[in-house]
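Trainee: Below are the features I grabbed from TrEMBL:
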type	residues	note
ACT_SITE	B:Lys82	active site, charge relay system
ACT_SITE	B:Ser157	active site, charge relay system
ACT_SITE	B:Ser181	active site, acyl-ester intermediate
DOMAIN	B:27-482	domain 'Amidase'
Amino acid sequence: MSESKISRDEVAHLAHLSRLSVTESEIDTFAPQLERILEYVAKVGEVAADEIPPMSHNVPMTNVTRPDVITPSLDRDEVLRAAPAAQENRFRVPRILDEEA
Amino acid sequence: MAPSELIHLSAADLAARLAAGDVTSVEVTQAHLDQISAVDDTIGSFLHVDGAKALAQAATVDEDRAAGKALGPLAGVPIGLKDVFVTRGTPTTAGSKILEGWTPPYESTVSARALAAGLVVLGKTNMDEFAMGSTNENSAYKPVRNPWNHDRIPGGSSGGSASAVASFETPLSLGTDTGGSVRQPAAMCGLVGMKPTYGSNSRYGVIAFSSSLDTPGPFGRTVMDTALLHEAISGYDPCDSTSIDAPVPGVVAAARKGANGDLTGVRVGVVRELGGDGYETGVMSAFEAGVQTLRDLGATVTEVSCPHFSYSLPAYYLIAPSEASSNLARFDSVRYGLRVGDDGEASLEEVMSMTREAGFGAEVKRRIILGAYALSSGYYDAYYGQAQKVRTLLARDFTAAFEQVDVLVSPTTPTVAYPIGAKVNDPLAMYQGDLCTLPASLVGVPAMSLPVGLAEDPADSGGTPLPVGLQIMAPTMADDRCYRVGAALEGALDASRGAPFLAELAIR
């Protein structure tokens, strides 16, 4: 077996950073799959020489603004109806304090 | 006209009969709803059908027509929308449990244009979760089955939109193509599928997967049907910062021009790197026969080398998951969708993690983790940065090729549709199905797949042969070239078969 490029701990860490509470069996599945994929995609390094500029997009990007005119927005009640929890015309979120405790 | 005849007509034929008053949109819509009732338990094309809404919309078109109002060329013709298009008042899930039951408060630009054109929306079609996957087995709700052989994949991620058209549930549908998700299922289901120039179809209200690649695109049974839908939905949209502010090429006119069957003076390049080893014999035979037909129509065919095309697959599988890992951060259990574990004790972060764990399927999680890895400090330069450089090399390949030829052609997929479950545990093998479609995606140029024939199913020797697609690629904003060449090829192939391509499936 080739030397592991992505460990189980790394998969768990990346999942945590991505706010995904993955199970042990998912880590067992993902780690070898991701390792194979990463070995394969590393091929991009064969041709991507320093002098080649990266291309992020095929469309020349310009800042898009609209006229500074007040227009109707989404209906607040309609938006809040689609939320998992709402209270007093706002999105209700779970506890946010003491997260580091 | 009998409902069974109505569902087999092309969109253009239906539109002509509607305009002539031979049939009403209500009758046409009901015939397609009946076909959905008859076959969709087996095929699984739709996630949501709203018959009452569709019939009401059809009745409005009929009333407008009776009142003499000016109507668009496709007014009254039914359509299916991939469930990635946000539709106001109609559930939208992107094939994911994390959005189960969500009813959007706004409408995507593309679906709004379809409605404004008088197209009748039958419902939302099945898809791989968040458009990730090449098989349509990654829908959180149910797999889609290929109408040619129900044990085969339809291709992904717009497999529901493709199977709906191929099984005569609707004459037209819309999908999105990120790495080939319109062209690949079109090839596997025997349809015409088009990825327009990136930026020429608005992404506003299209649930984002990979923002620098996602492109809404039409499916039809013929090149002309696809052109009519393409023209109805395309064009500049100020709501999308990547929208191109330029006129859409006249694709309907180009399809008409192509239908005269003369390709004299058209230079066609066969991409050397997209073919040969790893491609099924039946796929290559049908492709080469298609190329010979192009020669017979007067086109000049030469071989063209695009040396960096073989790096498309690794570049894509770094770029798309990276953008996805960022885009999918919005599914955070706060503003819409699912919330799991909110018992008053768990913190926001814990609720978010539990919700995302419960709401996302395996392919989505795999890509989020891969994307987070590729973007992380220490690996960014080795992976994501290098992949963006490959994009530049691919763009240079295309530029050099289009100095020599007008269009490039290749098989659309290396294989015909394979058995459901065959590659579900081997993501790298599944990704190989996108080999031919990725270069056009990474550079943003337009590309079409159209059916060129049938090939033996390697997994069922002597069984039902399966469709093969030929891909036509053109320079940015030269989408019309795909339609001209495609229409000419389609006409010649239909003439040699004695019937339109899907007639064989309609009879079985």
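Any Cβ shown, glycine's included, is placed from N, Cα and C.
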Trainee: To the nearest whole angstrom, state the Cα distance for the pair B:Ser157 (active site, charge relay system) and B:Ser181 (active site, acyl-ester intermediate).
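Mentor: Counting only the Cα atoms, the answer is 5 Å.
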Trainee: Distance between the residue listed as 'active site, acyl-ester intermediate' and B:Lys82 (active site, charge relay system) at the Cα atoms, whole Å?
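Mentor: Distance between the two Cα atoms comes out at 11 Å.
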Trainee: Looking only at the domain 'Amidase' (B:27-482), what is the model's average confidence as pLDDT?
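Mentor: A mean pLDDT of 96 is what the model gives the domain 'Amidase' (B:27-482).
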Trainee: Around B:Lys82 (active site, charge relay system), how many other C-beta atoms are within 10 angstroms of its C-beta?
Mentor: 34
Trainee: Per DSSP, to which secondary structure element type does B:Ser157 (active site, charge relay system) belong, with helix, strand and coil as the options?
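Mentor: Note: B:Ser157 (active site, charge relay system) is coil by DSSP, not helix or strand.
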